[in-house]
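For reference, the structure discussed in these notes is given below.
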Amino acid sequence: ITSARVWIPDAEEVWKSAELTKDYKNGEASLQLMLEDGKIIEHKLDPKTKNLPYLRNPDILVGENDLTALSYLHEPAVLHNLKVRFIDSKLIYTYCGIVLVAINPYENLPIYGTDIINAYSGQNMGDMDPHIFAVAEEAYKQMARDERNQSIIVSGESGAGKTVSAKYAMRYFATVSGSASEANVEEKVLASNPIMEAIGNAKTTRNDNSSRFGKYIEIGFDNRYRIIGANMRTYLLEKSRVVFQADEERNYHVFYQLCASAHLPEFKNLRLSNANDFLYTRQGRSPVIEGVDDTKELCTTRHAFTLLGINESYQMGLFQVLAAILHLGNVEIKDRDADSSLIAPNNRHLTAFCELVGVTYQDMSQWLCHRKLKTANETYVKPLPRLQATNARDALSKHIYAKLFNWIVEHVNKALVTNVKQHSFIGVLDIYGFETFEINSFEQFCINYANEKLQQQFNMHVFKLEQEEYMKEQIPWTLIDFYDNQPCINLIEAKMGILDLLDEECKMPKGSDDSWAQKLYNTHLKTCSLFEKPRMSNRAFIIQHFADKVEYQCDGFLEKNKDTVNAEQINVLKASKFDLLVELFRDEEKATSPTGQTPGTGGRTRLSIKPDKGRDTSSKEHKKTVGCQFRNSLQMLMETLNATTPHYVRCIKPNDFKLAFSFDPKRAVQQLRACGVLETIRISAAGFPSRWTYQEFFSRYRVLMKQKDVLADKKMTCRNVLEKLVQDKDKYQFGKTKIFFRAGQVAYLEKLRADKLRAACIRIQKTIRCWLARKKYLRKRSAAITIQRFTRGYQARCLAKFMRRTQAATIIQKYQRMCVERKRYRQKQAAALAMQTILRAYMARQKYQALLREHKAVIIQKFIRGWLARCWYKRCLEAIVYLQCCIRRMRAKRELKKLKIEARSVEHFKKLNKGMENKIMQLQRKIDEQHKDNRLINEKLVSLESSYSTESERMRSELNRLRGAEEDARNKTNQVSSLLEELERLKKELSTTQQEKKTIEDWAQTYRVEMEKVARHPQRASAHWSLVEKMARAIVLETQQLETDLNEERSRYQNLLTEHLRLEEKYDDLKEEMALSSNVSKPGHRRTDSTHSSNESEYTYNSEYTDLEEGSRAREDVTRGMDTSLTLKLQKRVTELEQEKQSLRNELENKEDQFQRDDAEFKKARGAELEYESLKRQELESENKKLKHDLAEMRKSLLGDAATGAGAPGSPAYKVLLDQLNASCEELEVRKEEVLILRSQLVSQKEAMHHKETMTEPSVFTEDVSKLKDAGEIKQAYISLKDTNKLLEHQLQSQRRTYDNEVESLRGELQNVKEENNRQQQLLAQNLQLPPEARIEASLQHEITRLTNENLDLMEQLEKQDRTIRKLKKQLKVYSKRIGEMGAVQMEGQTSPGQMVDEPIHPVNIPRREKDFQGMLEYKKEDEMKLVKNLILELKPRGVAVNLIPGLPAYILFMCLRHADYLNDDQKVRTLLTSTINSIKKILKKRGDDFETVSFWLSNTCRFLHCLKQYSGDEAFAKHNSSRQNEHCLTNFDLAEYRQVISDLAIQIYQQLVKCMENILQPMIVSGMLEHETIQGVSGVKPTGLRKRTSSIADEGTYTLESILRQLSAFHSTMCQHGTDPELIKQVVKQEFYIIGAVTLNNLLLRKDMCSWSKGMQIRYNVSQLEEWLRDKGLMNCGAKETLEPLIQAAQLLQVKKKTDEDADAICSMCHALTTSQIVKILNLYTPVNEFEERVSVAFIRTIQTRLRDRCESPQLLMDTKMIYPVTFPFNPSSLALETIQIPTSLNLGFLTRV
């Protein structure tokens, strides 16, 4: 069909793409094609086969991770896919079914770091981009799941990167598994690599670090799949390289490392020099590898030797042998004659060789030029010609090196062996690939023979996997024909095969290469089709291998197969004085190990090196040929591989010139054919290579279905749709879970899908274009309407103007006519008005006269009618008054009669008013009492006024006297010359200050002038401001840098804490293991030292109990021990009290002497107290004597009854002991109180004495001033006088204020009494005026009111007194404690300035501890373990978080700590804090994977830390407290150091919380953020290969974005329930979002199938949902959103346009949070999901790299998911009062006492 794209063969590019320009019809002999460059060609078909060219895959399938995902599976498709991935996308790894194809980039790529290892760890093989780590992870998982050993087979030709791939696989195992012991086995396994590279790798023309031997390393694992050891087998070392190297090649690396380090002191005796000075190292003429420092490499090699236990002496011995080989190569052998040769005497190189290996010069020179021949009867020595002698020398060098190589391998294996039983292993085979050169010899023959065996095993395994897949899916199985290379293997190894004939020829006395070749021709030429003879040669043969035909030259086959060495030379070496050399040639059972281990000990019984081990005698030492040895070792290797599950890595060399990312199609195809990749493709293509799950098929081809085709059963839907789309049912098969397609069917379906999408696109384009055209039409129509509107408007304006003018003219005419008519009208009007005025005036005058006459008549009538009415009123009034008088007289008479009757009944009146009289009398008595109280108060006030006036007069006189003294002192002080000098100095300072001031003023003036100049010059002003802005920016940058440094330092410190915690856990684990082992070795032994509980710093808790009998015996022993210990303690305490009493007595005697020297008044005042104290002392002495007597009785009782057992419980002696003990305890308590009283009295006496001395000092001061001679003394006296005056003034002012306050209070009370008296009098007067009933009620109401007010006042007073009492009690406790301390240390008292001399001193009563709660909890020392156990170890966070206040355990612990601080018990404080910290660590170690537990203890630890700060008493923290909280501050101990310890503990808990969250979120993130389609239908699944899903883990995909959001909400709600600080929650959320963003971005960077436009949309939508969650929780400002910025920019990068330079600029400015490597990686990985998307061109990526070249950033590709932001704990004080906290009974803390 026209436009179909095909592949045609090409001589240069192997395959070339072309497009069909004309339809092909059956029978045509050629095709019309157009190449990609536009050239038209005619492609002729093969006349025999008529096969059409290969079809090309759609562009959307190009660049796939798995070659089996291609619809058309053939050689050109594979080659093109590899080339696109390697050149365009810079991807070196590609899957081909079960094979990983690795192309050597010849460049160091940042894809092998620990972050990449962590990213691949635990992932499915098909979920991530192809990588050697993915293969290693698959092998590791299958080993753990299937309990089957695994093998990774790495093959390829020299320079393809086999060694590097194997090394990275081993590094992966060492990183993800760790070791089971403390010996760092994984480090030893990796350390074997530099050693083997040094002695087995060399530079070749194809590779700078080519392995010249094959090796198989078995890495052993225990039952927990941790590395326990390793074992190495080597194959076919290239010994010829020791003596010969081709151009541009080198010998083994170790020789050049030694030559480069010859200048080191330890290598002086090796007599080495430059590598060009030795024959064995200069033949290749390339002694240096660019970029490699051989000196450093030797240091690495030596370090690896040391790590593997090969000590320094053995290392120097190895280097000595290697140096001897170099010197041996320089030994010059000369011709003596034609049949003999000789070595010149004193040859310096031979001398050096003999000295280094410890042999004699004569023997070595003799046998280098001679050989011993044995016949049946005699032995004789035959001289050797120079050529044979030289060959013998080289053979000896090769043999020594081979022995040394085997010895090193053997001891490396011994160092890697372990005593732990091996559970399983993973083998890594690093072996040479198929080789064919211009001249192929014995080495190539062996290599290709090994590859034939490996290819056969590979083919069988691939065929087996295909068969298993078909059977599992229940697909009809048809036999697939594949290439079987068993005939070729039989040709080589079967009986009478090539190797057999070679061995047989080697046994012949006169065997030669020619005769062997003839035997080959005779045996196989006619019988085997795979064996051919070259036309032009009789000394070569051709073998048809699976990869290609190879021609082998027979020259040297026999010699290399024999590998002979002169036996006499070996005997000379065996007789060496050099122990290591002798050991090299000794049988391996007798060899000693440099690591101190004996051979054969350990868990492994097999230490396979090479099978060519030494024999007992020299005659049997080389009996086996090299070919036989190689065949046996290869057979053993194949048995091992067949017993394991293989994983294949095929390394491809892209070019022969070591050019980075350069692809040679010819070389690549040659290697692909040789390594079996194309065979895998052929086997897959023969069946159903394309395989889709039903869900993937439905998602991809949903666009081809109609709505009616979609059923609930997706399997049936896919079946129905596929039957409609593909008519030929042989093209597909339906399996149980997958649909299988023939080759090309996926391309056909993709074409149908693309056509459907193209039709939809056309429809969308049509609609959009219609919309655009309509929009354009509407714009034009709108423009036309606008033009019309403006035109019509102009015309309308013109018409309006005309109409306005016409209307104006009309109006003007109207007004002119109106004016004329108005003038005429006004003239007529004036005449009419004049006539009307005259007429109306006449008529008005007439009417006025008539009205005047009528008014006067009315006035006359009014006065007459008034006089008549007044006369009638007077007569009526007189009659009414008379009638009223008569009636009132009658009523008065009746009332008089009633009053007379009531006057007769006085007794009744008295009875009614009896209660009121009593009340009045009571009130009168109260008034009298109040008057009496007033008089008393007034008298007291008068007395107080008089006393205060006298006191003030006395003080005033004293003040005047002191002022006089002060004046005298001032006059004398002014005369001192020192003050004058001081004044001079001050003057000088003043002048200096004035000069500085002047300088500053001058500078300010200069600055002002400069500023004015700057203002006048705008340019300078702008420059100035730019400088200011630059400085401001610099300051901001410096601030940011300092903040960054602070965060880095904090992060470094927290990382150190993490490492410290890890080491602590390791130490604890070791301790537990040691304890366990000791318990196992000594069962039942549980006794510990009696001092264990007091000496142990870290407490452990044990809930086990012993038997009842043992417990009872232990209790009896403890009881006896307790009684004895109490007796001893009481004795000790009595002794201390006696000493204390003696010291108090001495002090009292001293004070009595001082008191006697004082005045008599003071003695009288203190006499009674001193007598009381002496009585107390006597009483104490008597009581102490009594205690001594009691103790003596106890001793006698114990000693007397000890033998008879009378001391048992219940005996009389025991009762006496208990009684005495109780009495002693009571007496001890009483004595303590009395001692405290004595101490307080002593302190009071001290203060009184000192105060008296202070008060009497001013009187003496004036007398002593005259005696002072020194100016310094005068000055000091003046200063002290000023202080005294200030003190007196302060006392006077305070007394005056007190007096004024008291006077004011008394006046206020007097005023209140007066007001109350007045109020009572007024109330009494009012009551007397009321009727009796109302009076009684009012008095009762008043009394109730008064009593209520009095009750309220009394309640207020009672509350005040209670508060005062509590306050005084606290002060008493504090004072008593201080007095006790002062008495204990016997400090001299300090007199307070305000204390008076004559203040009475009373004994201080020490009150008992009150039971009111002061925010402290008391516990006994023995209950500390129970406290920690119930509150920490056995506490369940869920119940505490739901039912109790947040942080309750922290509050309880702090309240216990407060009580220990209150008691001043440092031991109790220390043990409580230590127990708390260790218990929290223990519970976190036990349940560290439970988020709820870790969050709970993080919250409580932070709350405990905040409590320590809040109640520390520091000003910075105390300012946030209430006054009540400040009373609860710690008083005795500064716990700042413990605050740091607890802060470190909180950091460790925070890091544990982050790890716990990471473990929970890790499986959700990739599935929820990347794989799950939150927006359905946006992205379709692309065709996938065999590696899409691995069989090791079932389909996940169960997590969605909702799962992540639910989990985040669960985290947040849990932390809020636990009362975690809001700032800490913000930091946790920020860390959560960083983990989500980092894991998502890392997976995006490692998954090509996720880098598409639609996936970018999905990611942006998911990020928006996360931001919405932050917004809902109020956490938008916590910095979490910023952590997602790299992920957001990566999603934007997937969606932006990527074509032009403007797009490149936009990307560079947009992606500032991504590194250059990340941007380039995403652009390289960008994969279109549909044909309408375009790939990113290589030129565009180069443009991006060029523009981002100047960025200073880390080259790391992946984000560090293990990075934890440094955490801070901002101070968050609690408003909760400690005294209000209640302890619930559910905590089982009943042993705590509230204090």
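Cβ atoms are placed via backbone N, Cα and C, with glycine included.
Pulled from TrEMBL:
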BINDING   GLY156, GLU157, SER158, GLY159, ALA160, GLY161, LYS162, THR163  ATP binding site
COILED    906-1003  coiled coil
COILED    1127-1238  coiled coil
COILED    1289-1378  coiled coil
COMPBIAS  609-620  compositional bias 'Basic and acidic residues'
COMPBIAS  1093-1105  compositional bias 'Low complexity'
COMPBIAS  1110-1120  compositional bias 'Basic and acidic residues'
DOMAIN    1-53  domain 'Myosin N-terminal SH3-like'
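Positions of the features from TrEMBL, shown on the structure.
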residue : record           : Cβ neighbours (10 Å)
GLY156  : ATP binding site : 27
GLU157  : ATP binding site : 24
SER158  : ATP binding site : 19
GLY159  : ATP binding site : 21
ALA160  : ATP binding site : 26
GLY161  : ATP binding site : 24
LYS162  : ATP binding site : 27
THR163  : ATP binding site : 23
Residues flanking the ATP site, with Cβ no more than 8 Å from the Cβ centroid of GLY156, GLU157, SER158, GLY159, ALA160, GLY161, LYS162, THR163 and excluding those residues themselves:
ASN104, ARG206, ASN207, SER210, SER211, TYR432, GLY433, CYS651, LYS653
I'd like to know the mean pLDDT over the domain 'Myosin N-terminal SH3-like' (1-53).
84
